[in-house]
Amino acid sequence: MTLHVGLLLVWVCQLHRMAGTGFDDEDSSYVETITHFPEIKDGKCVFPFYYRNAKFYDCVMFKAKHKWCSLNETYQGYWKYCSEEDFAKCVFPFWYRRMIYWECTEDGDAFGKYWCSLTQNYNKDKIWKYCE
Ligand SMILES: *[C@@H]1O[C@H](CO)[C@@H](O)[C@H](O)[C@H]1NC(C)=O
């Protein structure tokens with residue numbers, strides 16, 4: 001009985017460790033990495049990009065002073081800080097509920113502000129931003 005409980009505990013701990021490795025454990029070293037590589041100022045953001053097992057559709061702020069983006073689809077040390085023209089653009093047309101939108105819309109926004117989708121299918125991806 002006690003042996004079983006012990007084994008179970010070991011097993012649970014291992015599962016936990018496995019699940020955790022992508023994030024917590026490597027977190028600090030990984031977070032440091034962006035500024036360990038030089039910024040490539042004339043680079044071009046790639047959206048979406050993968051960073052730390054997550055997918056990003058716009059510039060991100062990860063322990064950096066400003067928002068930045070990856071220059072490769074999967075981050076590999078090439079990055080730049082985002083300036084106005086680097087942020088993700090609206091994607092037109094996009095699909096929202098049962099309609100196709102060719103411009104920013106206030107539909108569905110609680111504050112009546114205009115927004116757009118950053119992918120063609122808002123229903124599926126739910127990635128969006130406010131329009132200027
Ligand atoms: C990643 O992006 C950089 C900058 O655009 C480019 O020089 C490099 O070749 C890319 N790497 C790959 C594997 O595509």
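Placed from the backbone N, Cα and C atoms, the Cβ positions cover glycine too.
Bear in mind that TrEMBL entries carry predicted annotations, made automatically and left uncurated.
Straight from TrEMBL, the features:
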DISULFID  Cys90-Cys116  disulfide bond
DISULFID  Cys104-Cys131  disulfide bond
DOMAIN    40-84  domain 'Fibronectin type-II'
DOMAIN    85-132  domain 'Fibronectin type-II'
SIGNAL    1-20  signal peptide
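Residue counts for the domain 'Fibronectin type-II' (40-84) under DSSP, helix first, then strand, then coil, are 1 helix, 14 strand, 30 coil. Rounded to a whole value, the Cα-Cα separation of Cys116 (disulfide bond) and Cys104 (disulfide bond) is 5 Å. For the disulfide-bonded residues listed here (Cys90, Cys104, Cys116, Cys131), the lowest count of other CB atoms within 10 A around the CB belongs to Cys131. Broken down with DSSP, the domain 'Fibronectin type-II' (85-132) shows 6 helix, 14 strand, 28 coil. Cys104 (disulfide bond) sits 8 Å from Cys90 (disulfide bond), taking the Cα positions as reference.
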